[in-house]
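Reproduced below are the annotations present in TrEMBL:
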{"type": "TRANSMEM", "residues": "12-34", "note": "transmembrane segment"}
{"type": "DOMAIN", "residues": "22-288", "note": "domain 'G-protein coupled receptors family 1 profile'"}
{"type": "TRANSMEM", "residues": "46-64", "note": "transmembrane segment"}
{"type": "TRANSMEM", "residues": "127-151", "note": "transmembrane segment"}
{"type": "TRANSMEM", "residues": "191-211", "note": "transmembrane segment"}
{"type": "TRANSMEM", "residues": "232-249", "note": "transmembrane segment"}
{"type": "TRANSMEM", "residues": "269-290", "note": "transmembrane segment"}
Amino acid sequence: MKSEEVVRGMLYLSLTVVGVPGNTAVIVAFLLALYQEHQLLPADAIVLHLACANLLVVGVRCLLETLATFRLVNIFGDTGCQGVIFVYRTSRSLSIWLTFVLSAYQCLSIATPGSCWASIRVLVARYLAVIFLTLWVINTSMSSAAIAFSLGSRNDSVNMQHSINVQFCYVRFPTMQSKQVNGAVQVGRDVVPMGMMTLASLVILVFLYRYSQQVKGLRSSSGASGGAERRAAKAVVALVTLYVVLYGVDNGLWVYTLTVRKTMSSSLISDLRIFFSSLYAALSPLVIIATNRKVNSRLRCVVQERPVQDKATTLSTV
C-alpha cells in the first residue's frame with residue numbers, strides 16, 4: 001500500500017473514530033431525555049436531527065472510505081457510488097441547513113415577548129416537523145444528480161471529460177455547462193445558509209452584549225437567565241464559526257474543481273473537500289457535548305450507572 005493511501009486511510013479513520021461515537025452519544029442523550037421527559041424542546045429536537053445528519057455523513061462516507069482504502073470492504077461499484085454520494089450530499093446539506101435553523105431559532109428565542117419575532121418563534125416550534133420534512137425533500141431533490149452521473153472508478157478505461165475524480169468513484173457530467181450549473185447549485189445551497197446563520201449569530205452576540213451591559217454589576221435572579229443565554233449563544237456561535245471555516249475551505253476547493261476543464265488524475269482535491277466537510281460532522285458533537293447541559297447530564301448519568309451495574313454484577317457472582 002502506498003504511503004499516500006495510508007495517510008488518506010488514517011485521516012478518514014480519525015474522522016470515523018471521533019464522529020461516530022460523538023454523534024451517537026448526542027443522539028442517545030436526547031433519546032434518554034425524550035424517554036424521561038416525554039418531550040423535547042424545539043432547540044433540542046433541532047440538535048438531535050443535526051446529530052443524525054452528521055452521523056450519516058461520517059458513517060456513510062468516512063467509514064466506507066476507510067474500509068475501502070485499507071481493502072477490507074469495497075462497495076464502490078456503480079450502484080455503490082451512486083448510493084454513497086447521494087446519501088453523503090443529502091446528509092451534508094441537511095447538516096448545513098439544520099445548523100442555520102438552530103442559529104435562527106436561537107436568534108428568535110431572544111426576541112421580546114409579544115413581538116412579531118416571538119410569534120414567529122412559536123410558529124417555528126409548532127411546525128418544526130414540517131420544516132424538517134421540507135429540508136429533506138429539497139436537499140434530496142438537489143442531490144439527485146449523484147444518482148444520474150456517478151460511476152465506479154473501474155470505468156476509467158478511457159479518459160472521461162467533464163468528470164470529478166473522487167478516488168473510488170467518478171461523477172461524470174455530459175457537458176462542461178452541466179458540470180458548472182450543478183456546481184453553482186451546490187455552492188449556492190451552502191452559501192445561502194452560511195450568510196443567514198452568520199447574520200443570526202451576529203444578532204445574538206449584539207443582544208447579549210447589550211444585555212450584559214444592562215445587568216453588569218447587578219446581583220439578582222436575572223443573572224442565572226443571562227448565564228443560560230450566554231451558554232446557548234456560545235454553543236450556537238461555536239457551531240457557526242466551525243461551519244464557516246470548514247465549509248468555506250470546502251467550497252473554495254469545490255469552485256477550483258469546477259474551473260478545471262480536464263478530469264484530474266488525482267483525487268487529492270476531492271479528498272480534501274470531503275475531509276473538511278466531514279470534519280464539521282465529526283467535531284460538532286464535541287461542541288454540543290461540551291456546551292449542552294442536557295446532553296452532559298444524561299451522558300454523565302450513563303457513565304456513572306455503568307460502574308454501579310458492573311459492581312452489582314460482580315457481587316452477585318461472588
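Cβ atoms here come from the backbone N, Cα and C positions, even for glycine.
Predicted, not measured: the structure shown is a model, and the values here were computed from it.
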Are there residues at least six beyond either end of the transmembrane segment (232-249) with Cβ under 8 Å to its Cβ atoms? List them, or say none.
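43, 96, 99, 102-103, 106, 109, 190, 194, 197-198, 200-201, 204-205, 208, 272, 276-277, 279-280, 283-284, 287-288, 291-292.
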If I take every residue in the domain 'G-protein coupled receptors family 1 profile' (22-288) and average their pLDDT values, what number comes out?
81
Counting only CB pairs under 8 A, let me know which of 12-34, 46-64, 191-211 has the most with the transmembrane segment (269-290).
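Ranking 12-34, 46-64, 191-211 by Cβ pairs under 8 Å to the transmembrane segment (269-290) puts 12-34 first.
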